[in-house]
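Residues or ranges marked as [4Fe-4S] cluster binding site in Swiss-Prot (evidence: sequence analysis): Cys434, Cys440, Cys479, Cys483. Annotated siroheme binding site per Swiss-Prot: Cys483, in sequence order.
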Amino acid sequence: MSEKHPGPLVVEGKLTDAERMKLESNYLRGTIAEDLNDGLTGGFKGDNFLLIRFHGMYQQDDRDIRAERAEQKLEPRHAMLLRCRLPGGVITTKQWQAIDKFAGENTIYGSIRLTNRQTFQFHGILKKNVKPVHQMLHSVGLDALATANDMNRNVLCTSNPYESQLHAEAYEWAKKISEHLLPRTRAYAEIWLDQEKVATTDEEPILGQTYLPRKFKTTVVIPPQNDIDLHANDMNFVAIAENGKLVGFNLLVGGGLSIEHGNKKTYARTASEFGYLPLEHTLAVAEAVVTTQRDWGNRTDRKNAKTKYTLERVGVETFKAEVERRAGIKFEPIRPYEFTGRGDRIGWVKGIDDNWHLTLFIENGRILDYPGRPLKTGLLEIAKIHKGDFRITANQNLIIAGVPESEKAKIEKIAKESGLMNAVTPQRENSMACVSFPTCPLAMAEAERFLPSFIDKIDNLMAKHGVSDEHIVMRVTGCPNGCGRAMLAEVGLVGKAPGRYNLHLGGNRIGTRIPRMYKENITEPEILASLDELIGRWAKEREAGEGFGDFTVRAGIIRPVLDPARDLWD
């Protein structure tokens, strides 16, 4: 498909069963309320298994003990993952104390998991604790509405929003966009918060009765940082400033990383530039992009339903013109912007208001008390005394934001004593994994549990070749759905089977190029052997300041992906 040969605006054919399920759900109610009272199973049945996703939950089970339980003729140990809605990752210390308590007392694993979509997840919530978790969140001004399934998910925003006036304004827009695109159904309030059914007809003016064809992800990004990885997202607002003040956004549409092994109709894709818009049109444009995808997205094949596929089918210019028509504007030409990096600046950074921000590296975002490193207790102690707020970053780290000079030493002392400020290598700081085993039902290979020891070995290779002070953006994702964003890394590992990964090379440091598969279905020793040779070559042959990904392309080791819809699989 190309601009010259656009496909149909709407794909005709038999709708997927998910479309039937949404239509029959009575605006996402289903029979969830009744299912909650069924004590015969630890899970949700039938359509409710999928409907709870619209309420921010996934039903999972512990895969480490799945076979053992099957032998004992027991059902899997069902438990829910809950993902909070937290635009821009900002959470108050009061909210943090509440989630710390819930995680410790009411989840199987006792941990808080920071995600690369700037929010937190609880893993291992038993069915009896599902309603209490929603009520706990509500009591501190939070919710889990629309953080999963066919909605606009948690809206990301470049971290450190108080570092300048620009950051503060961008964060406010992230919140506004999130609120504007929320579903209007009262199902969430009725089921979880016991609010009375009101005798009015539900309406979904933006999302429609069957919601979106597939998940939809939005970011607000402040150059030169691309910490939120805009090219992994459907709709991106790139902040444009004049004299330090936000004046508008460049809009980029149609990024996304999920693929299916061996299915050449699926591909990762970077977002396309649509144009510049002044601030006052932001919500109208956001709504227009969402409703165009609502109406034109493929509802006959969920593997081909995301915005990136709609753009390729109808053509970028056609989609853009429809957004202009619906929003009642004409995009101006893209304003200049550039990215220089996407990692977090670990440690103390001083803001323009003379307050300090402390970015803590949290490996894999997993907050738990480890032997000799009581991370969870340490953060709770900081939350009890800190007057500012916490900010979760898209790199799964945590910022203690807005610390006055007078409080700095006290907070640093707790952080150091809790193992929250242990020195790590630049390589570890720039490596990331999704959750994968044991809780993710889609996992094909280990990711979070694999990464720490794998990076030990990579650190040894970096030292061997004299590049320990450098880093390679390295990511591991347990399956091709790609939550670990490996398809925007310089080195991406995509899980294929237990202990086996596809090795992708040729992305870049700033996250604007999709990496190509270099070797398929290989083991950790094979991965390390390949990287040993390639890191050695990079160390010897690179040009000044040349990142590993750019080197692999320039040296002809891997062909760059220039047009992923057509050449990703070549």
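Along the chain as shown, the residues are counted starting at 1.
Note that Cβ sites are derived from N, Cα and C of the backbone, with glycine treated the same way.
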Residues flanking the [4Fe-4S] cluster site, with Cβ no more than 8 Å from the Cβ centroid of Cys434, Cys440, Cys479, Cys483 and excluding those residues themselves: Val435, Ser436, Leu442, Ala443, Ala447, Thr477, Gly478, Asn481, Gly482, Gly484, Gly495
Check the DSSP secondary structure of Cys440 ([4Fe-4S] cluster binding site), expressed as helix, strand or coil. coil
For the binding-site residues Cys434, Cys479, work out the Cβ neighbour count at 10 Å and name the residue with the minimum. Cys479
Other C-beta atoms that fall within 10 angstroms of the C-beta of Cys483 ([4Fe-4S] cluster binding site): 22
Mapped onto three states, the DSSP assignment of Cys479 ([4Fe-4S] cluster binding site) reads coil
Cβ neighbour count within 10 Å of Cys440 ([4Fe-4S] cluster binding site): 21
